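As recorded in Swiss-Prot, the features of this protein are as follows:
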{"type": "TOPO_DOM", "residues": "1-10", "note": "topological domain 'Cytoplasmic'"}
{"type": "TRANSMEM", "residues": "11-31", "note": "transmembrane segment"}
{"type": "TOPO_DOM", "residues": "32-37", "note": "topological domain 'Extracellular'"}
{"type": "TRANSMEM", "residues": "38-58", "note": "transmembrane segment"}
{"type": "TOPO_DOM", "residues": "59-71", "note": "topological domain 'Cytoplasmic'"}
{"type": "TRANSMEM", "residues": "72-92", "note": "transmembrane segment"}
{"type": "TOPO_DOM", "residues": "93-103", "note": "topological domain 'Extracellular'"}
{"type": "TRANSMEM", "residues": "104-124", "note": "transmembrane segment"}
{"type": "TRANSMEM", "residues": "127-147", "note": "transmembrane segment"}
{"type": "TOPO_DOM", "residues": "148-151", "note": "topological domain 'Extracellular'"}
{"type": "TRANSMEM", "residues": "152-172", "note": "transmembrane segment"}
{"type": "TOPO_DOM", "residues": "173-189", "note": "topological domain 'Cytoplasmic'"}
{"type": "TRANSMEM", "residues": "190-210", "note": "transmembrane segment"}
{"type": "TOPO_DOM", "residues": "211-222", "note": "topological domain 'Extracellular'"}
{"type": "TRANSMEM", "residues": "223-243", "note": "transmembrane segment"}
{"type": "TOPO_DOM", "residues": "244-258", "note": "topological domain 'Cytoplasmic'"}
{"type": "TRANSMEM", "residues": "259-279", "note": "transmembrane segment"}
{"type": "TOPO_DOM", "residues": "280-286", "note": "topological domain 'Extracellular'"}
{"type": "TRANSMEM", "residues": "287-307", "note": "transmembrane segment"}
{"type": "TOPO_DOM", "residues": "308-333", "note": "topological domain 'Cytoplasmic'"}
Amino acid sequence: MGLLERLRKEWFIAGIALVIAAARLEPAVGVKGGPLKPEITITYIAVSAIFFNSGLSLKTEELTSALMHVKLHLFVQIFTLVFFPTAIWLFLQLLSITPINEWLLKGLQTVGCMPPPVSSAVILTKAVGGNEAAAIFNSAFGSFLLGSSSSVPFTSIFSQLFMTVVVPLIIGQIVRRYIKDWLERRKPPFGTISSCVLLMIIYTTFCDTFANPNIDLDKFSLIIIVFIIFSVQMSFMFLTFLFSTRSNSGFTPADTVAIIFCSTHKSLTLGIPMLKIVFAGYEHLSLISVPLLIYHPAQILLGSLLVPTIKSWMVSRQKALKLTRQPKVPVKV
């Protein structure tokens with residue numbers, strides 16, 4: 001396979017490398033308040049575009065079916081809001097005897113308590129071809145559930161989720177009713193559109209990361225915390241994969257994809273305001289914020305890199321299940 005053909009096939013991975021390099025060279029372009037105004041273009045326009053895109057591409061029956069998939073919702077919410085923070089707390093009891101900065105460890109604990117984001121898990125699920133409708137419900141519900149029970153103003157959370165998730169999704173569904181035949185005939189590249197939006201999110205996320213003011217943190221602690229975060233993400237993704245692919249789990253391969261991403265992703269948009277309120281007045285707030293600031297780009301980067309692998313598994317698994325369900329033709333003697 002030639003280089004150009006390889007790049008065309010793996011354009012998304014190449015795109016990730018390019019946007020990260022661009023963010024490193026000139027982070028001021030994509031930071032909050034910069035020329036791109038990500039606080040508007042990403043928080044509102046890009047997220048709204050994602051869910052309008054989902055409303056256009058998803059059949060109403062798929063959304064209804066996902067809403068009624070109570071077992072999947074319980075799995076994701078219990079893993080995210082109960083298992084995740086509990087497991088992190090137990091892990092930190094071991095790390096507390098190490099020389100790692102105690103405020104970084106407190107930051108890791110807060111990461112475990114954060115709600116899921118409303119965009120990255122949905123885009124990655126769509127990129128793989130998983131149960132996008134279930135990902136939409138769980139991402140929005142998890143953010144609303146934990147966000148509304150925290151110190152962050154309830155009205156602010158509700159209005160933002162309503163305007164950027166619910167309204168675009170409904171509008172997409174309404175538009176779909178009128179252009180349904182055209183959509184089925186032309187088959188627009190919804191997955192590619194969502195992937196391009198994700199590249200925008202990755203770019204602005206890394207702009208914020210690279211432009212972040214210098215924090216009084218030794219390189220050893222920083223390297224260790226990055227290693228721990230990637231290890232935690234990989235371990236939890238593997239755990240959700242194991243739990244959701246058991247023979248008696250009742251989940252399809254597409255469900256598993258949604259579960260993997262929705263159960264392990266954490267929100268920076270809700271997370272930072274929550275930290276600023278809960279730890280207001282703490283001189284070590286910047287250190288407490290470091291794990292979340294690392295976790296957010298790490299989850300997007302890791303998830304994006306794993307898209308081809310997870311997609312390959314899902315397709316092969318779906319084919320295998322289809323073959324096992326086909327009726328056996330009796331052999332004539």
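Residue numbers in this text run from 1 along the chain shown.
Cβ coordinates come from backbone N, Cα and C, glycine included.
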Before we move on, state whether the transmembrane segment (11-31) and the transmembrane segment (190-210) share at least 3 Cβ pairs under 8 Å, counting only pairs 6 or more apart in sequence. yes
Between the stretches 38-58, 72-92, 287-307, which one has more Cβ pairs under 8 Å with the transmembrane segment (190-210) than any other? 38-58
Which one of these stretches, 72-92, 223-243, 259-279, 287-307, has the most C-beta pairs shorter than 8 Å to the transmembrane segment (104-124)? 259-279
With DSSP as the reference, give the number of residues of the topological domain 'Cytoplasmic' (59-71) in helix, strand and coil. 10 helix, 0 strand, 3 coil
Please spell out the DSSP helix, strand and coil residue counts for the topological domain 'Cytoplasmic' (244-258). 7 helix, 0 strand, 8 coil
Using Cβ atoms and a strict cutoff of less than 8 Å, what residues sit near the topological domain 'Cytoplasmic' (173-189) while being 6 or more residues removed from its termini? 55-58, 60, 63
PLDDT averaged over the residues of the topological domain 'Extracellular' (280-286): 70
Residues outside the topological domain 'Extracellular' (32-37) whose C-beta sits under 8 Å from one of its C-beta atoms, at least 6 past its ends, are 204, 207-208
